[in-house]
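What follows is a short report on a single structure.
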Amino acid sequence: MVYREESYLLETLVATKLQLKQWDSSKKPVIVIAGPTAVGKTALSLQLAKEMGGEIISADSIQVYKGLDIGSSKPSFEEMSNIPHHLINICDLTDSYNVVHFYAEAKKAIREVQERGNVPIVVGGTGFYVNALLYGPPSGPPSSMQVRDQLAMDLEKRGIEALYDRLKKIDPDYSKKITVNDKQKIIRGLEIIAITGKRVSDFKAPKDRRGMSEYNFRCFFLYTPRETLYPKIEVRCDEMLSQGLIEEVEQLLLQGLADNPSASASIGYRQCIDYLKSEKSVDDFEKFVETFKTMTRRYAKRQFTWFRREPLFRWLDIEVHGTESVRNLIMMDYESQI
C-alpha cells in the first residue's frame, strides 16, 4: 500500500528534471544515501538495511581508519554486528588511503553484496568519494613517494600558503576550485604537475559520464533546513566530547595520528590536536569547542554546496516528510528498478 505522503513524494520526484535522465534501468540498482553531518544518514541506512536485506558500504574518508571512532561518528559495534558494513576499520594510521583505493574497494564490495542477493546501500558525506563511485576516480597519475617527500619538505620550510601560491601561478583554473585550507588537494595538484608536466585542469572529465557506470545508482540527499541542522550539529559535537573524543585523540597521537595528513586534518581531530598542544586552560578549551562546532557547521555547508552540483541526487527534507516516509520512498524506488 502506498500511503498519501509517500504517493505525494513519489509524484514530486518523478516530475523533477532529475528523473528525465535516468541511468540505464537494465543495470542493477544501488542505493546511495548522502547528506550533511548529523542529518540522520546512519539511522536511516540501518533501518533500510534491516528491512531490505541490505549491506552498508561506507563512503567516508575517515571511517576507513581503525581507532578513529568517535570523531568520525562510526556506527557502534552492535550496529555493525547486526548489519554487515564495508570499508570501515580497514586501514591502520600508517596506511595511505585515497579515492582511487576507495573506488576499487567500493566496486568490489557492491559486486559481492549483489552476488549474495543482498541490497548494497552506499552511505556517506564525503562528496569526493561519492562522486568517484558514480563517475569514476580522477584520471591523474599514481602518487610518487619521491615527489611527495620533496613537497613535504617544501611544506615544512615554506608553509602551505607558499605552495598554494605556486599552484595558483601554474594552474589558476584548478586553484579557483580549492582554498588554501585544502592542503591535500594542493599537494596532490603540485604532485601531478611535477610528474606529468601538465596542469590538473588539463585532465578533463568526459562531458557525459552517465553511461560509464555498470550500476543503476539511485541517489538521495537527506537534509533539513540549516536552522534545524546546526543545533543538531552542536549537540553532536558535545556528545563526541562527552564520549571521550579528546582521550581518543591522545591515544591516536601515540599511534602516529600526526603523521597521517588526511586523518589528522579531519574536523574534530585537527581541533583536538591543536587543543592538546595548548596550555589547556579554560579559555583554550572554550576556544577549542567553539572552533570544533564552527568548522563542523562549515563542513555541513560545503556538503550542501557539493551535492547541489550532482544532478543524480534527489533531495529529501527528512524533517518535513519524516523518516518513515523517506524510507518507504527509497524502498519503492529501488523495487521499481528490479
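Note: Cβ is positioned from N, Cα and C throughout, glycine not excepted.
Annotated features in TrEMBL:
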| type | residues | note |
| --- | --- | --- |
| BINDING | G35, P36, T37, A38, V39, G40, K41, T42 | ATP binding site |
| BINDING | T37, A38, V39, G40, K41, T42 | substrate binding site |
| REGION | 60-63 | region 'Interaction with substrate tRNA' |
| SITE | T126 | site 'Interaction with substrate tRNA' |
| SITE | R148 | site 'Interaction with substrate tRNA' |
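Note: the Cα of R148 (site 'Interaction with substrate tRNA') and the Cα of T126 (site 'Interaction with substrate tRNA') are spaced 24 Å from each other.
All protein chains shown were included, and the count of other CB atoms within 10 Å of the CB of A38 (ATP binding site) stands at 23. It is 9 Å from the Cα atom of T126 (site 'Interaction with substrate tRNA') to that of G35 (ATP binding site). Helix, strand and coil content of the region 'Interaction with substrate tRNA' (60-63), in residues and according to DSSP, is 0 helix, 0 strand, 4 coil. Most buried of the recorded positions P36, K41, T42, T126, judged by other Cβ atoms within 10 Å, is P36.
Here G35 (ATP binding site) comes close to K41, G125, F221, L222, Y223, Q303, I318: these same-chain residues lie at least six apart in sequence, with C-beta atoms under 8 angstroms from its C-beta.
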